[in-house]
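Structure record follows, encoded as structure tokens.
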Amino acid sequence: MCASGKYSSRGPALIPRMKTKHRIYYITLFSVVLLGLIATGMFQFWPHSIESTADWSLDRRSVHDAPLVQLPVSNPIPERGDLSCRMHTCFDVYRCGYNPKNRIKVYIYPLQRFVDEGGVPISSTGLSREYNDLLSAISDSEFYTDDVTRACLFVPSIDVLNQNSLRIRETAQALAMLPRWDKGMNHLLFNMLPGGPPDYNTALDVPRDRALLAGGGFSTWTYRQGYDVSIPVYSPLSADVELPERQPGPRRYFILSSQTAIHREYRAELERLKEENGEALLLLDKCSNLSQGVASARKRCYKGQVFDYPLILQESSFCVVLRGARLGQATLSDVLQAGCVPVILADSYILPFSEVLDWKRASVVIPEEKLPEMYTILKSIPHRQVEEMQRQARWFWDAYFSSMKAIGMTTLQIINDRIYPYAARTYEQWNNPPVVKWSSVNSPLFLPLIPPRSPGFTAVVLTYDRIESLFRVITEISKVPSLAKLLVVWNNQNKSPPEGEKKFKCPECTAIDGLSLDQTHMVERSECINKFASVFGTMPLKVVEHRADPVLYKDDFPEKLKSFPNIGSL
């Protein structure tokens, strides 16, 4: 009884204490798990970036708040720039890797203010509005990444758009200090105004190692084809003046020149053309008698008459774009916006985005020495073709020139197409405006006229009257990479062929006019060969005797059907 009493008194007291311990343990465990889940969810879904320091935008961080970086005088300076660089020698494509979207990733360095040991900035202007717009466009695009380890291309936040504002040596030292510089490998610099007095180099003078250069004034001497990207010189008027699109067609003036800083020899030649052709040519210059407060950049004058610029450009079919101290001119952008066909006279100039844009569809390029013949050359262009070029010029501006964003995105897309060529845009995608149609197919009369990289074949197409079928055939043939030339023979003598590629007609030509029928032809040919042999030093031609026999004489059929029954054997 006693034993039973002791057990019954202790037993019931132990059971509640065990339950309390377990309850506290489970509550604690549940709380820990719950807090872990909440923390994980907040980390997963809360807006954040892997490298928040890469956020350079002026909307979130002022330039004045950017960290100050002092450049020691002894800091290394990059090499001048390797002119032999190509994508396969100076660009690490393996950084880009494969991704399902076939799109490069671009990293923008954080903003920093670079100064020398005396505290003087490397640039007199800091970060320009144009460069900030460019960086903002990249950061808002699908190319952008804030994860430096995923980047294929690196864009410094150092503004080198205008070389006039830069201290060359110090800017180069700042570039070399970038953590991922690696001799400029996979780095992209944007520059629109290269060089300086007196020679005005056509590429950025800042030493830049192997960095790619998107430049606004390349010549054939400084442009590294397939590596650099030729970009336009942005016109500030593009952001300030909105020109309504004008329908293609005849304009008040045939030729207009609006540039103010033209070399005196060119201006003298233009004045001579003006005297010869009268009102067809309008030659404008800067205004000297404007009232105070009137922006001179928006006005042009001719003999005291004041014109609004760039609106006046819409009143001409062709607009002259002459080289100045630099090859690249902002006037080109203004002209395209106005839907005026640019007449470009700038020898050796690499036109903007010429790697993908067919400029023969939107402009006329004339050698500088042929400036006196300009009027005659332009008069020979059919009216229908001029209208097509006016439309194409405006579309080029809308698509590729209208803003710093358009320029930046086009540049990155060109580089992207090089790295992922199997997913690259086609010629049609780069050059065909959506509205330009001929019946149900695109007009192929403005096929790319870029010289082939290697000798190709000539295609001859015979046609009579079926325009649409002809255009389809030309469009398909033009896609063959080895095509060098395409010749269309138009056989309908009662109907003119479509305006476009050059025409030749010779109804009076007969077989008796053949060169080989001239009695003196053989004598002249022999004299030519002998002259060649004397210059060459020896006769390279060899005498060869060759006998070509038909094999029908071996076939088993009646002898009377054989042309050469007794030919014998070799």
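Using N, Cα and C of the backbone, Cβ positions are placed for all residues, glycine too.
Caution: TrEMBL annotation is automatic and unverified by curators.
Remember, it's a predicted structure, so these values are computed and weren't measured experimentally.
If you look at the coiled coil (256-283), the same-chain residues 6 or more away from its ends with a CB under 8 A from one of its CBs are 300, 302, 309-310, 312-313, 315-316, 318-322, 324-325, 329, 331, 334, 340, 345, 371-372, 374-375. Summarising the annotation, TrEMBL assigns coiled coil to 256-283.
As annotated by TrEMBL, domain 'Exostosin GT47' applies to 101-381.
Broken down by DSSP into helix, strand and coil, the domain 'Glycosyl transferase 64' (457-499) contains 11 helix, 15 strand, 17 coil. The domain 'Glycosyl transferase 64' annotation in TrEMBL covers 457-499 (among others).
Per TrEMBL, the feature domain 'Glycosyl transferase 64' maps to 501-553 (among others). Averaged across the domain 'Glycosyl transferase 64' (501-553), the predicted model reaches a pLDDT of 68.
For 24-46, the entry in TrEMBL reads transmembrane segment.
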